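Among the features that TrEMBL reports, domain 'Cation efflux protein transmembrane' is placed at 34-254. Residues or ranges marked as transmembrane segment in TrEMBL: 31-50, 62-83, 95-116, 136-154, 200-218, 224-243.
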């Protein structure tokens, strides 16, 4: 094969990931995230050991929220990496969709963990094991402290956007109703509880409250089944919180148009269609490229005499207020003009037989025809109301005389004859003898306007 001396060696997948990780680690903003990630791994290790020692599935469900915090930190690192990367020929729109993919994967994994907890809880209802409360309360406060500290200390742009843009969960709606009642009594709490709380902070507090109730009931009455009930409650809260975020990020990945901008887009497209020179706006498609970034493409048909650059500037100026990444294709109006050929017809084509016999189609037998209308008569049908002067069955072939007939219907192109040749043939002046008439277009036929039947001029 061909030897390429200066070809770069292809990196493996691990080498590419290592290179990109070094690129992110070079930024000082990512050092804080890496530190929290390392502490998170240590915390997860201790929590999993305490879950095994206490035999509490509720603490395991709450530990999954700490694992979700690790996914959110990875998403934050991906967000920093996306800001460093520039668009490439392969990724012409940039790398913003990696943030969307990271959020979607994190929320889906959290929901899978919740389903696993529900499955384990259903098995525990059949045979409830004994729960040891020695480290149950300690693990609860350690996980709560670390989750809140992580959420409030690091600005996670992708998850912050999704939590505000996605629809509210059932837990948020119930807490919002309760918060309105509380804020009606204490108005100073409206800035904390209204309009709606952070879903991640809310689920951390609700999960810790469920574990505290579990600890008290087990310590007082040795009611071990409450641990399974708390695990189901935490799993349902996790699933209900993550599901709207998964739906929102999934719609972004499917390149759908955000519902809250459809009205604004319709208004802008109507304004574009009224611009000077614009005839039609079609094939418009707008979608969310990333969180807070809208992309779109549109085709604009303009007049033939319109200035393309001027129309392009006006269309871009109107749509750029809402669509940051825009592709506009301008094309002028075009129509097909019929072309007339001026090539003279060869004489060999015109040498056709002088007599053209047009045979009449054969009719059916006489017994099936009505003598009045020459149509098949039905014995049960009533007589026709009108009688048409149509030819009978015994019709002789029509013989048309023609000395020079243009062979229309032969699939030949005919050009327009010059005026001099028309006058020479006698088409312009009636009554010039053996010439072509206006009515028949055939030669040697008596003209109604020029001569009589004997060839003499009419008085």
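Cβ coordinates are placed from backbone N, Cα and C, and glycine is handled just like the others.
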Report task. Spell out yes or no: are there three or more C-beta pairs under 8 angstroms between the transmembrane segment (95-116) and the transmembrane segment (31-50), with each pair 6 or more apart in sequence? Result -> no
Report summary line: Long-range CB partners for the transmembrane segment (31-50) (under 8 A, at least six residues beyond its ends), listed in sequence order, are 25, 59, 63, 66-67, 69-70, 73-74, 76-77, 80, 135-136, 138-139, 142-143, 146, 150, 153-154
Report task. Quickly jot the same-chain residues contacting the transmembrane segment (224-243) by Cβ under 8 Å, restricted to those at least six beyond its ends, or write none. Result -> 56-58, 60-62, 64-65, 107-108, 110-111, 113-115, 117-118, 120-121, 124-125, 128-131, 169-172, 199-200, 202-203, 206-207, 210-211, 213-214, 217-218
Query raised in the report: Near the transmembrane segment (62-83), which residues from the same chain, at least 6 beyond its ends, have a CB less than 8 A from one of its CBs?
Result: 20, 23-24, 27, 29-30, 33-34, 36-37, 40-41, 43-44, 47-48, 51, 94-96, 98-99, 102-103, 105-106, 109-110, 113-114, 117, 139-140, 143, 146-147, 150-151, 154, 156-159, 200, 203-204, 207-208, 211, 234, 238, 290
**Report entry** Close approaches to the transmembrane segment (200-218) from elsewhere in its chain (Cβ under 8 angstroms; 6 or more beyond its ends)
**Finding:** 56, 58-59, 61-62, 65, 72, 131, 133, 136-137, 140-141, 143-144, 147-148, 151-152, 159, 163, 171-172, 175, 224, 226-227, 230, 233-234, 237-238, 241
